[in-house]
Amino acid sequence: MSPYALSMLMSSLAMGTIITLSSSHWFLAWVGLEINTLAIIPLMTKMHHPRATESATKYFLTQATASALLLFSSTMNAWMTGEWTIMDMNSYTPTTILTIALAIKLGIAPFHLWLPDVLQGLDMMTCLILSTWQKLAPMALLILTSHQLNTNLLILMALASAVIGGWGALNQTQMRKIMAYSSIAHLGWMTLVISFAPGLALLNLMIYLMMTSSMFVMLMTMNATNMNKLSISWLKTPTLAASMMTGLLSLGGLPPLSGFLPKWLILQEMTKHHLGALSAVMALSALLSLFFYLRLSYMISMTSPPNISNANLTWRKKNDLSLINPILVVLSTMLVPITPMLLM
């Protein structure tokens, strides 16, 4: 792709998100989301492969449906209340339609089916943008309207996302599909707490962005797209393999890594609202996710492929890592000490 076209698409992507984040009018928020969608589709199809075209088509159709629903709900709300302001969604029907529209945009269960298929057909860089940057605008709208949305509906979708996100990845071998199901599970945790403590949902989103970014950057450096390629990475890039193992355990939510922090605070918040049974189900669903993260950690750190070479030493890849990778690894594993500051 031409650098000029790429810079134009990336700036349109940034502009769409910034328009949505800074708007207080529903029409302007919808325009930002549309710019965002239209800017990423050429990035998806730059591989010139049937799978990439299929992914872009699926993505466009789901996002167009979600955008239509969002515009319909905001128009209905304006018709009922005379207000286009984002904070004034007081009617039951428009808020329910809005919740469904944002769930489709984000890939929250039961509207998650497009996400693994779309990610599987793309290159790693576009997967990274789709799993991180593209979540910002819809999640911002969800946080802004969280006090007006139907809490029971959000809790049901959160439970479904956490269970499906853990269950769906158990039999996957492709890293992009595993990361897609990981995204669905993390979105479930954010959706669960968004009605009770939007600040916690924002913290969870920030930590999710750091962990997912560091994972995709490491996968791109290793050029690993499936589990078989992961198993040979220990011999070639030992430092990166060790970093990836801690990153995976952080995604699974094991203490004392960063991924444990939002889960701990969310479960604490849920028990404060006397939702003990719900907290228990969410904690058990996190074990499903933890299983496949542990399986990947085991594969990357404790298995080595059969070696048919007579040489004692293997060729090692030169560690030409950018500065961004170590920073992301540190942020995605060592944020637990800031907990007291967050609790204050």
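Each Cβ is built from the backbone N, Cα and C atoms, and glycine gets one as well.
Per TrEMBL, the features are:
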- 23-288: domain 'NADH:quinone oxidoreductase/Mrp antiporter transmembrane' (DOMAIN)
- 290-343: domain 'NADH dehydrogenase subunit 2 C-terminal' (DOMAIN)
- 26-47: transmembrane segment (TRANSMEM)
- 59-80: transmembrane segment (TRANSMEM)
- 92-115: transmembrane segment (TRANSMEM)
- 153-171: transmembrane segment (TRANSMEM)
- 178-197: transmembrane segment (TRANSMEM)
- 203-222: transmembrane segment (TRANSMEM)
- 234-254: transmembrane segment (TRANSMEM)
- 274-294: transmembrane segment (TRANSMEM)
- 323-343: transmembrane segment (TRANSMEM)
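Segment contact holds for the transmembrane segment (323-343) and the transmembrane segment (234-254), given three or more CB pairs below 8 angstroms at sequence separation of 6 or more. Within the chain carrying the transmembrane segment (153-171), a Cβ under 8 angstroms from the stretch's Cβ atoms is held by residues 96, 99, 103, 108-110, 112, 116, 177-178, 181-192, 194-195, 278, 281-282, 285-289, 291-292, all 6 or more beyond its ends. The transmembrane segment (203-222) shares the most Cβ pairs under 8 Å with 234-254, out of the stretches 26-47, 92-115, 178-197, 234-254, 274-294. The listed stretches are 26-47, 178-197, 234-254, 274-294; of these, 178-197 has the most Cβ pairs under 8 Å to the transmembrane segment (92-115). Of the candidate ranges 26-47, 178-197, 234-254, 234-254 contributes the most Cβ pairs within a distance under 8 Å of the transmembrane segment (274-294).
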